[in-house]
4 protein chains.
Amino acid sequence: MAGNHFGKLFTITTFGESHGIAIGGVVDGCPPGLEISEADLQTDLDRRKPGTSRYTTARREADEVKILSGVFEGKTTGTSIGLLIENTDQRSKDYSKIKDIFRPGHADYTYQQKYGLRDYRGGGRSSARETAIRVAAGAIAKKYLKDRLGIEIHGYLSQLGPIELAAKDLSIVNDNPFFCADAAKLDELDAYMRELKKTGDSIGAKVSVRASAVPVGLGEPVFDRLDADIAHAMMGINAVKGVEIGDGFAVVNQKGSEHRDAMTPRGFKSNRSGGVLGGISSGQDIVAHLALKPTSSISVPGESVDIHGHSAEVVTKGRHDPCVGIRAVPIAEAMLALVLMDHFLRHRGQNADVSSPTPVLPASD
Amino acid sequence: MAGNHFGKLFTITTFGESHGIAIGGVVDGCPPGLEISEADLQTDLDRRKPGTSRYTTARREADEVKILSGVFEGKTTGTSIGLLIENTDQRSKDYSKIKDIFRPGHADYTYQQKYGLRDYRGGGRSSARETAIRVAAGAIAKKYLKDRLGIEIHGYLSQLGPIELAAKDLSIVNDNPFFCADAAKLDELDAYMRELKKTGDSIGAKVSVRASAVPVGLGEPVFDRLDADIAHAMMGINAVKGVEIGDGFAVVNQKGSEHRDAMTPRGFKSNRSGGVLGGISSGQDIVAHLALKPTSSISVPGESVDIHGHSAEVVTKGRHDPCVGIRAVPIAEAMLALVLMDHFLRHRGQNADVSSPTPVLPASD
Amino acid sequence: MAGNHFGKLFTITTFGESHGIAIGGVVDGCPPGLEISEADLQTDLDRRKPGTSRYTTARREADEVKILSGVFEGKTTGTSIGLLIENTDQRSKDYSKIKDIFRPGHADYTYQQKYGLRDYRGGGRSSARETAIRVAAGAIAKKYLKDRLGIEIHGYLSQLGPIELAAKDLSIVNDNPFFCADAAKLDELDAYMRELKKTGDSIGAKVSVRASAVPVGLGEPVFDRLDADIAHAMMGINAVKGVEIGDGFAVVNQKGSEHRDAMTPRGFKSNRSGGVLGGISSGQDIVAHLALKPTSSISVPGESVDIHGHSAEVVTKGRHDPCVGIRAVPIAEAMLALVLMDHFLRHRGQNADVSSPTPVLPASD
Amino acid sequence: MAGNHFGKLFTITTFGESHGIAIGGVVDGCPPGLEISEADLQTDLDRRKPGTSRYTTARREADEVKILSGVFEGKTTGTSIGLLIENTDQRSKDYSKIKDIFRPGHADYTYQQKYGLRDYRGGGRSSARETAIRVAAGAIAKKYLKDRLGIEIHGYLSQLGPIELAAKDLSIVNDNPFFCADAAKLDELDAYMRELKKTGDSIGAKVSVRASAVPVGLGEPVFDRLDADIAHAMMGINAVKGVEIGDGFAVVNQKGSEHRDAMTPRGFKSNRSGGVLGGISSGQDIVAHLALKPTSSISVPGESVDIHGHSAEVVTKGRHDPCVGIRAVPIAEAMLALVLMDHFLRHRGQNADVSSPTPVLPASD
């Protein structure tokens, strides 16, 4: 209940601080018999890890994950899976300057007030470093979803500052440092980021993620709707300030006749709903969008206070991402995988004896 | 886990269908000693209930709530509170036409596929009728938050189709049928709705909700962040397709120097974060926005299929709201109250012995 | 979390006080398509209800249960099931004498201290009246277990004070007021109870319950072992002070060579383990025993204090069971059904794709 | 939900197999500001660890625990605490003989049936090795309970086979290899165990545990009663087959006039209830007893089957405890500490604003 636990049947519990000894977690509820190896997890970890391009922080972390339990002779045993990533790049730097100052836009102030003390080194538990374990756990869920159900999950950057990016070709997403699916925009992105870096400032971003081949029926109304749990998962990613399912905020100015996705014997004719009706997956692609704020760790001076309530100026000199949204792509994929995996098991637990699971409509989209 | 349960320490579990005998629920975890009566709950229920204006469905429900337990001599006892609302307006109508047809944009198809059968009368469990119990439970949370902590929660309609509505005067929200805080726009809203009704169509809406005087420290990172739980609660309301905290999707095109809320000895200078930093309340107003889709229950004919997969035309003749977003205002308030109440108890459970709960910064906004 | 919620996938949440308007609950997670009616629940409620014999309290309650939701056209829909039993026999008696006195051996003192106030009428929430809803919910679980899995659950009185009762013939359990399976002991029981009643005292009891045809594999190590969850369920019944699985406390003086149940190609040769190995069901009968204390509500005067800490004498004149253990038989059956149902769904959720669910050993015992 | 998670507000999630790389866990919900070090945890780990006396297994494990997170500058931060113990004594032995055979009385058969495969090395996840992490987590809870609330928890061996052991002097428990509080019986125990070892057999045991200075009010009726949660915790310890609170099974033959603990202005006159009334702590000592079965890993040949259902003889040649009950003493203490800690936080969360927490009665016993 203290917040470091996610999921109901397929669960993950995480620990670890930015500059501590290690980060880690426990995946509980993975069905037995899944073929899995550390290499399967490393692929996504490498996509998220820092230091891979000029657009991300220069901090270098190998992010090598170890599976400590729950896998035997290459297969999951159905027992809990221990995951561990040692922190290697913990520069022994001088924190005396920042330990008494609250960086604006960060969790320094709220952690200090909530807990009465805080690990001020690199943000401690509030650092996005913690998300590496989510990515590792998500990779296990992804593998199950793909191997057993054929579900594929793809994320991409859909906007960076003013630059909108279309989902033109998801196959190129992993070939460029922006997770961009819009090849024609790559030069513009590069130019924008170079210019931004000169100013010492940062920029927000929009990330999109979709899952295909999701079976009809996942989601538990009325509170644990599939979309509600996706919103919970996505808003729980560092820096996220908005979540949309399907058409999202565009529905505010849509008519009912325009919004409702028509159904035909050949399937749905559109997917404005984003694959969820009444909180339950419809068999269409699940589509979600996330708004990520610009990081507050910038070299532009900022107005703040210290722990005594006195004025203080903050300038971040450290190694930070000018656009934290970019690296959120594999994290968003991981969280969607965790939600789908959890709901698949929950649905199967309650409804496995439903007589005709064959969908009336063919999958579409 | 089957989805009809919400919260961790302050919880609600609900039941009931649109055209069943009754709807009800159990509030568990309410602190003892709170003065509460059925009248306290009825106020918000009356704000949500149908049939109160020409802009909402003509279905008439008294929505009279009974408290069956957990309150003794006018005060909560700390034990579970049973709530019951009988359904009075269950017109015995002929459902033979719709029982085999999936209304597009509704949960008919997904419920049928998930469960293998469904209560087709008026949407059954997927009907928004169920939210009446959330409103009743939320009223208990609201009362505690206000009486004990001084927290006030206010919702309002911030957009209806193309008409944007400012939060000019929250004191007028309950005096007009739109929950509108922008007096100058009331005529425009009325004209728009009259025109819409003629076409038999429906329209989307945006609802905003804010909580003031929230103490610093509520929210449990990393997964049960306050904003993540608000997103879960809001996306779990019928018809919601998007949730924003603070500046929401506007952050995508904000610079870090622009977004981060400066801190001064007199408090924060802005509230772009919406009152949450690192998943924990900052002492500023909590601000959330919701996008609600237009209802699919309209008299404009729609293309669909029946349970055998054959083409079918759907025309809804029933009593439905042309803009379901309007009545979502008290529901959004209730859900925010439930989340804050739950997090207050969770925070107090884990952190009550933190030595200095006095915030460094004065409350601002 | 406040304690009125039970189970993980098949859950029950209850409310209601001894002398309030009604008691009720919500069953969530019942698979869809189960044929169920109020009559199915009433059978077990009638077995538990007071006033049926001279050996139980004279309080008369019809204990008529209403199903308010979740069942449509005679079948469960997969949505939450609302249950309600109105309290009919709430004699408007004068509570002024007992409201300020703590009855020894009861929850009066602990409720008052925990909550700062209490509903003192008939024990309020701490009354065993609350268990009626558990019995109703358990009847739903029982029906599913029997209809779909062939599991049968039988409880019986195995000791009353000094009189030990063998499990000679479970078919007679419902034909005598003691739930006794040992016909030869019925007269002795009757004589003992008549004598006891004269003294105004009460007596403890031991209740046993067993489930047959339980599939191998139910239970989730390491904490939610099947036996651990059974212990939780049974110790949560009013007046229970001890729980045993299989040989229970007799194992303290057993040798390993004597205790371990030998396995042969024709099945297990004994069932000292009570059907659970390593926290997982073995396919043998699940066997549990409960120790129930004698009620403290007796007409023998007792030493106590009032809410001001002053000495007070307590004499209970009300209508109470001289042996509360007797009526615990259907309650223990219900709780075992709830645990098995929950674990069946949890197991199916996580392990439904295990390739060979056929047990190596034939069911035995 | 998959079973490796314990608690609601103060939680522990564990992982690890007997012969894997490491065992570990995550403690979530520990209040901030608690002074804790690895040495505090090591004390209890050393009490539990194997190889310390001739009466326990000869397997040698350093059982050195590492705290990986959640503690900063010697104090807990309120974030999750990662714990890790590397397995050092993993003799690379030949498992080919046992991998296809089900040891009777063990979890081999049930794990294989539940999961379709299993880690057969030393029992894998079903090994009691896993309890080392419970002991480490329990040590954190114990420290909080003692430092902040003055609660002390003491376990001892109360019976070994036929030898009953009184709680004469708890101060000597850690000075003898039996955790025995009855000095006069030490020679008899030694003689019994020497004789037992010659036969290659094993013996059951009874362990008792008590907590003193527990405040009135802990426990959440009706399902999460304090005694119900203690029963869950204790029955979840390997080899436990019975749990008693207070007088336990002796209540079966007690009269109400004899059982109820009289209350006087100077406190309770007895503690037959074991410190729990109506599921809530009464301020008296919490008293629980556990029955532990004899291990089935003995050198006496046993009858069993292999994974193909064919007859097989099993003889355990490994390093095993002739009485596993002895080492359960620190485990039972740890589990009681975890339950009390969890309930303290839950109670505080819901009831911190109860006006008069001062108990009417002075603590007694």
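Count begins at 1; order follows the chain as displayed.
Cβ atoms are placed via backbone N, Cα and C, with glycine included.
Computed from a predicted structure; not experimentally measured.
Within 10 Å of the C-beta atom of D:Arg48 (NADP(+) binding site) sit 23 other C-beta atoms, taking all shown protein chains into account. Feature annotation from TrEMBL assigns NADP(+) binding site to D:Arg48, D:Arg54.
As annotated by TrEMBL, FMN binding site applies to D:Arg125, D:Ser126, D:Ser127, D:Asn238, D:Ala239, D:Gly278, D:Lys293, D:Pro294, D:Thr295, D:Ser296, D:Ser297, D:Arg319. Annotation for D:Ser127 (FMN binding site): same-chain Cβ neighbours under 8 Å, separated by at least 6 residues, are D:Glu17, D:Ser18, D:Asn238.
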Near-C candidates in D:Arg48, D:Arg54, D:Lys293, D:Thr295, the binding-site residues, by Cβ under 8 Å: D:Lys293, D:Thr295
Rounded Cα-Cα span from D:Arg48 (NADP(+) binding site) to D:Ala239 (FMN binding site), Å: 15
Subset of binding-site residues D:Arg54, D:Arg125, D:Lys293 within reach of chain A (CB-CB under 8 A): D:Arg125
C-alpha spacing of D:Arg48 (NADP(+) binding site) relative to D:Lys293 (FMN binding site), in angstrom: 18
Cβ neighbours of D:Arg54 (NADP(+) binding site) where a neighbour is any other Cβ within 10 Å: 11
Distance from D:Arg54 (NADP(+) binding site) back to D:Arg125 (FMN binding site), taken between C-alpha atoms, in Å: 25
Inter-residue Cα distance where the pair is D:Thr295 (FMN binding site) and D:Arg48 (NADP(+) binding site), in Å: 17
Alpha-carbon distance [D:Arg54 (NADP(+) binding site); D:Thr295 (FMN binding site)] in Å: 16
Alpha-carbon spacing, D:Arg54 (NADP(+) binding site) to D:Ser297 (FMN binding site), which is rounded to whole Å: 17
Number of other Cβ atoms within 10 Å of the Cβ of D:Arg125 (FMN binding site) across all protein chains: 30
